[in-house]
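Per TrEMBL, these features apply:
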DOMAIN    79-387  domain 'Tryptophan synthase beta chain-like PALP'
MOD_RES   Lys117  N6-(pyridoxal phosphate)lysine
BINDING   Asn143, Gly247, Asn248, Ala249, Gly250, Asn251, Thr386  pyridoxal 5'-phosphate binding site
Amino acid sequence: MSLELTAPAPEEPSVADDGTWLECIACGAQFAPFEDVRYTCDDCDGLLEVRYASPPTWDDFEGRGVWRYNAALPFEEGVSLPEGATPLHEVPRLEADVGVETLRVKHEGMNPTGSFKDRGMTVGVRVAKELGVGRLACASTGNTSAALAAYGARGGMETLVLLPAGKVAAGKIAQASLHDARILEVDGNFDSCLDIVQDLAARGEAYLLNSLNPFRLEGQKTIGLEILEEFHEDYGTYPDRIVLPVGNAGNTSALYKAFRELVQSGALDADDVPKLTGVQAEGAAPMVEAIENGWDETRRWDEVETRATAIRIGNPVNAPKALPGIRETNGTAVAVSDEEITEAQRDLAGEGVGVEPASAASVAGLRKLRAEGVVDVDEQVVCLTTGHLLKDPDAAFEAGDDPEPVPNDTEAVLEHLAE
Ligand code: F0G
């Protein structure tokens, strides 16, 4: 099985370009990486993964941000703003309140467009240039479209985004709009948008930059690499567990791949790999359903609903990569309510860390798993927060307190404060 944590480093096939190739995770078919545009396997339609003849070790990394890790990426540099090097916040009050030995928060909202998607796009848009494609496109719950629009603009390329009408937070549409993407609002959910973009890509109308594109996930691996390096610097160990929100399960797949490659090169002991723990909203939880039932694939949920619109997804396309990742690392998956998500968003805000609702799902999930005793009191945990508070100003207003109108007069203001 090609997705086992302890699988040995692969042999370089003749189709490889400079030690890099594409391989189908289902049937093992191998393809040259940059000769043709291809998102899935020609033979069986399975998901593709980027493979390297020489997986990276710690000594290979230098510099800052995503491209510090170019030894783990297909290129030396990309179309960059630049991205990565996000903070790993201490949150002492929340740590004590949740009741774990260590809690750190990796705030991916601090990337250039305010989400982790920038890490994928710096690589994905670089590959698009290599392939010489015209228009770039994605389906999106918002953040992917903001990142694609910005990186497309940076690379001087045309961008097209398909969004579920009425279900994308205001900040994200504003970004896509100002960075000059052509925005189509579809009368359907994210999964229908992705179906259409896949059809457009198959007809050669656009280059697809959703996380189905294996090169996107290469950039997102650097979240895992940064967490391990920084955590080890601070504690001399690796975190026991990484908790993250799950939509299409791209990050779950990417972090697992980062860890597998480190194990292959001998840089990381298989026993030191953090338990990947995915969190979904109760109204959109096909991954949780698959983990709980021991299924090898997810069931498509046609009806999905949650306040955390970024993860309002019923058909996680990367499930075949992510389910083995959760299982092989002894992780788990859990669903949380919208109320629990908002509560966690307030908790993080109380530590000065402003996140959008989907991001807070990680903390809500950790709290729930700790209460259930699935997470132990002596665990060292990193929660991933994937997007910035300003992405979804409406949700922030709802979670926070209303402004108080006062007269234009100091005495009246003092009186009001004393009330
Ligand atoms: N958190 C945020 C803030 C997101 O925007 C997304 C995905 C996820 C978590 C889920 O990540 O798909 O890797 O499991 N947003 C995509 C988008 C779908 O279109 O912006 P995943």
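Glycine is no exception: its Cβ is also placed from the backbone N, Cα and C atoms.
Checking the binding-site residues (Asn143, Asn248, Thr386) against Lys117 (N6-(pyridoxal phosphate)lysine) with a 10 Å Cα-Cα cut-off leaves Asn143, Thr386. Taking the centre of the Cβ atoms of Asn143, Gly247, Asn248, Ala249, Gly250, Asn251, Thr386 as the pyridoxal 5'-phosphate site, the nearby residues of that chain (Cβ within 8 Å, site residues left out) are Phe116, Ser211, Pro245, Val246, Thr252, Ile311. Of all the binding-site residues given, namely Gly247, Gly250, the one with the smallest number of surrounding CB atoms inside 10 A is Gly250. Secondary structure from DSSP puts Lys117 (N6-(pyridoxal phosphate)lysine) in a helix. Reduced to three states, the DSSP call for Gly250 (pyridoxal 5'-phosphate binding site) is helix. Cβ neighbour count for Asn251 (pyridoxal 5'-phosphate binding site) (all protein chains, 10 Å cutoff from its Cβ): 31. The binding-site residues examined here are Asn143, Asn248, Thr386; by Cβ neighbour count within 10 Å, the least packed of them is Asn248.
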